[in-house]
Amino acid sequence: MQRIIGTEVEYGISSPSDPTANPILTSTQAVLAYAAAAGIQRAKRTRWDYEVESPLRDARGFDLSRSAGPPPVVDADEVGAANMILTNGARLYVDHAHPEYSAPECTDPLDAVIWDKAGERVMEAAARHVASVPGAAKLQLYKNNVDGKGASYGSHENYLMSRQTPFSAIITGLTPFLVSRQVVTGSGRVGIGPSGDEPGFQLSQRSDYIEVEVGLETTLKRGIINTRDEPHADADRYRRLHVIIGDANLAETSTYLKLGTTALVLDLIEEGPAHAIDLTDLALARPVHAVHAISRDPSLRATVALADGRELTGLALQRIYLDRVAKLVDSRDPDPRAADIVETWAHVLDQLERDPMDCAELLDWPAKLRLLDGFRQRENLSWSAPRLHLVDLQYSDVRLDKGLYNRLVARGSMKRLVTEHQVLSAVENPPTDTRAYFRGECLRRFGADIAAASWDSVIFDLGGDSLVRIPTLEPLRGSKAHVGALLDSVDSAVELVEQLTAEPR
């Protein structure tokens, strides 16, 4: 497997000592405190390069018009515009009223788990650093998707695809998969409906906020398929599939399967026709209704209607995708990572079919439901009890000593796929097999000489009359194998840029 993938997570934020605190301000404090603790002076903080951003470009071939006026100019010093690129190649910034960690590009789904988990440690450290500032309010950060008051914030996934793949084929092939995968990838939620007012438990935190089948926007009229066409790469060759329907996961198996199975289904969409594998027979009659119906049935027995009249459960749909992906994987050269994803996927589906609680050491929603059921029985509570919402929230607390997920890990009740050493290394270091290596190492070695950066560029300020932009439009270039020796051979940013911009002989 070598598909470029990555995650971006907006974290929930609260200030228990000051409930009226402005979340934009507290999110800004979190990002700036982390920057200060990393020894980055404000004047030398690398800015984000917004020049290549085009969030209103639609994959269906048009640009969504702004309501009025020209594109806004972002002042990097404004409250709410705090932004930094980390030495691991990630982006840490304020998105709306939340601190967001956008992980660096990876090619291996297990690596993506590691660098996504590193984001949790970054956020924990950010809150800790804010607490060390005299007079600053204490912050608590949560890796979740709902605030309990009707708002949802995103945990998005990104997958690089061939531009040659028709977007209509992506919609057809991916929609039933995304609708049904929540039986594996849901993080669990107390409450039904956007505000969570109706008592009960559901699989996904995100499902109640999905309103349309296909759409460009991410904060309203959210679609099962998002159409943002912003590849952050060579637009003639690539598209970036931006997936917004997913939950913020803490369980490593949930994240691994979320990313790994989706990447393999995209292989199926791109390569399936050559292997006589068709997905059109899985079209759903009412996809948005199906998202809600599957999420609201933790017994996993709810069925949804297909366009051809069949009724299938979410598990049955996942089983069909598994079988077709397995057929594709078997037809290719041996790929240990793809084989492991298929094996893990099959194992989890078997356990969910037998008893979802058999997955309580692997997946988020069964783990959370087991905690909640135990608490309900001990305290004789119904699903309408407000204290259950607090347990739900505490599960996602990023503090290692307080978060209920992290406490399950500490006592051996949640299976890990990666080591803490790998996670802590990923906090500081980039993946070695993508352009994130070049970005992160440039920040580490020459941070004072970098004016700005983005996913597809690094901009150097070498003291001359103009800045120097080094494009990184090819995601697999800029790896350690590609530029490691070059970076080791130079002593300054000036030397590096001279080498990169020299005319070939």
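Just so you know, glycine gets a Cβ as well, placed from its N, Cα and C.
Glu8 is the only one of Glu8, Glu198, Glu211 that Swiss-Prot places in the Mg(2+) 1 site (with Tyr93, Glu100). Per Swiss-Prot, the candidate among Asn144, Asn145, Asn158 that belongs to the ATP site alongside Gly6, Thr7, Glu8, Val9, Glu10, Ser102, Ala103, Arg240 is Asn158.
For Glu10 (ATP binding site), the Cβ neighbour count at a 10 Å cut-off comes to 24, with all displayed protein chains included. Each residue contributes its Cα atom, and for Arg240 (ATP binding site) and Asp95 (active site, proton acceptor) these two points are 20 Å apart. Closest to Asp95 (active site, proton acceptor) by Cα-Cα distance, out of the binding-site residues Glu8, Glu10, Ala103, His156, is Glu10. Recorded residues Glu100 (Mg(2+) 1 binding site) and Glu8 (ATP binding site) have their alpha carbons 7 Å apart, per Cα-Cα distance. According to its DSSP assignment, Ala103 (ATP binding site) is coil. All chains included, 22 other C-beta atoms sit within 10 angstroms of the C-beta of His242 (Mg(2+) 2 binding site).
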